[in-house]
Amino acid sequence: MSDRDSSARRRRRMKVDQQVASPRGSAVVQRNFVDADVTPEKVSKGTPLEDIIKKYDQPPNNEDMERVDKNSHALMILPFKFDPSLPNVEPGPINYEMGYSDRWEKNYVRMPCSLYYTFKNNQPVWLTIREDLGQLKKKCDAKLATFQDLKATIMRCAGNNYDTYCLEVLITRMYAPEEHIHFMSTVLSNICDLALNVNIFCSRSPPLLLAGNNHSVTMSQRQAASLLACAFFSLFPYRSDREPNDGQKNFQDPNFIKLYQYGPSQKIEKLRCILHYFQRITKRMPSGVITFQRFSLPESEHPNWSKSKAELSHIHLTMSDKIEDIDGVLQVDFANRYIGGGVLSAGCVQEEIRFCICPEMLVSLLICEKMEPNECIFLIGCERYASYKGYAESFQFDGNYKDNTPKDNWGRKWCHVVAMDAICFPDPRSQYNMKNIDRDLLKAYTSFYPQDTKKKGNACSGIATGSWGCGVFNGDRQVKAIIQLMAASAAGRPLIYASYLDKKLVKSFFEVHQYLWNQKAEVRDLYQYLQRYCGQPDRRESLFEYILRKPISSLKS
């Protein structure tokens, strides 16, 4: 093949369709997206947003960290209480004076610094990693490090010869000369430091958040940075496809090596977001706290939808706001059951974008097993570092973002995100099977369920969501809107529906909500609408059209 043919082939490859992850980052084709760069029209309907937000404490006041149940909540930091008058005070690692607590066990992260992580000759791999990172750091500090030095270090740490095309393009071609010099000296030196000292910053192995368990992990932002520095060098063992391990097969690979490999341009833009995070924490390490919480809804709490007399929730609809821009509410991550989806491969839709602009969320890939239908994962306190524009194949890093979100009494940003995965429908017709409706109802209710049971039925924060499970998962936007309205109503929480740039959905959903509200509809009525609509052999009208044509009184017949 000639050089010209090879170049043309590379150009064609860079134009491949955007992909998003299904299990373990495998891909399905992305399609049918609106132009996310269009200036949104200011259209909103329903209950005013400020009325929903002001009904809930901002930020909420939690019980003291010292009082949490240690059996269900692992603290990687000493009990800490945030003092707004001393915003830069940072929590220390737990058991710091006792040294690193090594847990090379199935319920814990297999850490690269573990003495049980060995070569075939029983020599610890960590000794070699320390030597490699130490040598790279010396070159960085002397301003002598090249990209080839970085690549060689990653190859030795990852244990294989990988393609690093996207990383190389970003650092050697896209960075301005001064940014290139700053990264290869100051920033990269700090990443080396964070990885080299992971056994000091993280004085214990983080526990895994396993399926079927209600469990939480709380850590400092510095500890998260140290874990992400290890992922930058692809240090975590037994998590890649090349290192099969039955105990890790239901987990994502948290290492960055796949993101470095050749692919569409949005992979480079995602890397820009993540490396911008490292630039920011090099300039000033954040001093806050973050929590990852797995929640499994017990069967005793599963709703009986056909009998639920819950009244409909208040609703606010907007086409001008994105979910991540609505503060003071629970924000929904349209997740893959393997949390993070294709964030570390070619995926670049709602979940992947959120994880790139808030890279501390990437720690969840390290500790969270895939989700079951009655499970969700909360990501609490993760800071946002980057702005962006575009979506999917048009996604681009758009500079720094200053996150001024207030902190709660634990020192966590008042940013609560819930990861909830919808069913993917390769054949869109299968979503009208009531078994699949029931599954997504359970998933949405699990995610909206008030975590403080004392507040159930009282004032709970609103939920910011949108067209969950639509797009590449082929969900019906109107069916998903009704499903989420039912789940929010059953949980007693107001719904904020951010249907970005979709003016038609905002207006039609508002019309349907008003129609149902005026008839004093209950959740069981909406369930009956779904049963009857989905039971039709030929659906020639939309769900909203069907509802507007049939008053609730007709459901009794």
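Positions of Cβ are set from backbone N, Cα and C atoms, glycine also.
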Range among 1-33, 298-330, 430-462 that TrEMBL annotates as region 'Disordered': 1-33
Closest of Asp333, Asn336, Tyr391 to Glu351 (active site), Cα positions, recorded positions only: Asp333
Residues Asn336, Gln350, Tyr391 [recorded substrate binders]: greatest CA to CA distance in Å: 17
Rounded distance in angstrom between the Cα atoms of Asp333 (active site) and Gln350 (substrate binding site): 7
Residues in the domain 'PARG helical' (177-294) grouped by DSSP into helix, strand and remaining coil: 62 helix, 16 strand, 40 coil
Neighbour tally for Glu351 (active site), based on other Cβ positions within 10 Å of its Cβ: 25
Most crowded position, judged by CB atoms within 10 A, among Asp333, Glu352 as active-site residues: Asp333
Neighbour-count leader, CB within 10 A, binding-site residues: Asn336, Gln350: Asn336
Surrounding CB atoms that lie within 10 Å of the CB of Tyr391 (substrate binding site), all protein chains: 24
